[in-house]
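Enquirer: Marked as transmembrane segment by TrEMBL: 9-27, 33-50, 57-76, 82-100, 112-133, 139-161, 182-201, 207-229.
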Amino acid sequence: MGQSFSTNLIYRACTGAILVGVLLGGLFLGGPWWQLLCMLIALASLWEFYSLMRNQHTFPVIVGIAAACYILLTAYRPNWGMVVFALVLSVFVTFLIELIKREFTGESSGADSCGVILMGLVYVVIPWSLMIGLRATPYGHIATLTLFLCTWSCDVFAYLIGSRWGAHHPVCSVSPHKSTEGFIGGALASVLCSALCAFFLKVQPLPFVIIGVVCGTLGQFGDLVESLIKREMGVKDSGNLLPGHGGFLDRFDSILLSGAVTTLIWGYLL
């Protein structure tokens, strides 16, 4: 068992190092490289989400993937009216497919299918499209870098502090190993990371501290959301594409809500 744990830890460290390198490279290159990287992560995460849902429902995945591609491809210069149109169109196309399916099989699940398709787009794709747009704003590369550093700091220190000093476990059955000490430690680490980013970059600290607070609180909530989904679907990981980490959705669940909120706050502050 000890050898298995050590092997998993090595896989996790190697995969994490590669992910960090690829993300930092895409972030600093910016432009189409960052957009392509975000698209790949978003589509892989969306596929994992739909795969989880297919354990209990059957629905036309291609409709969600097509809508996701449109939203992500236009993320640098988003027309939000067209994004809403893509969401609405995906609903009616899904209903059309369900109507045809009912004619041939006598069975349909239109409401469930539309709910799953829309949930995947709103939960996974919209946040990544916003983070593509965040990179394109003035000083967006700094804001995006701070977003990821704060999220990673929160994840790491919430785990370390919770493992070492976690004694008070909140009533949260979807993730019973998380502790109050771990939550507070992760949140404080995120805020400290944001303050250090502002200090070393010699910029106004307030916007960055706000990012730290967002990542330290909403990031941990985002992690619980994915834990709830997996618990309801009866699975441990969203996928197995990332050795030692599970799936893309497992690795990036914390940044979905915090990334979306950070983008909106950054746009307001500018």
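Just so it is clear, glycine is given a Cβ too, placed from its N, Cα and C backbone atoms.
TrEMBL does not curate its annotations; it predicts them automatically.
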Enquirer: Using Cβ distances below 8 Å and needing 3 or more such pairs, separated by at least 6 in sequence, tell me whether the transmembrane segment (57-76) contacts the transmembrane segment (207-229).
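Expert: Checked: the transmembrane segment (57-76) vs the transmembrane segment (207-229), no contact.
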Enquirer: Can you see whether the transmembrane segment (139-161) and the transmembrane segment (207-229) are touching - at least 3 CB pairs under 8 angstroms, only pairs 6 or more apart in sequence?
Expert: yes
Enquirer: Give the one range among 33-50, 82-100, 182-201 whose Cβ atoms make the most pairs under 8 Å with those of the transmembrane segment (112-133).
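Expert: The stretch I would name here is 33-50.
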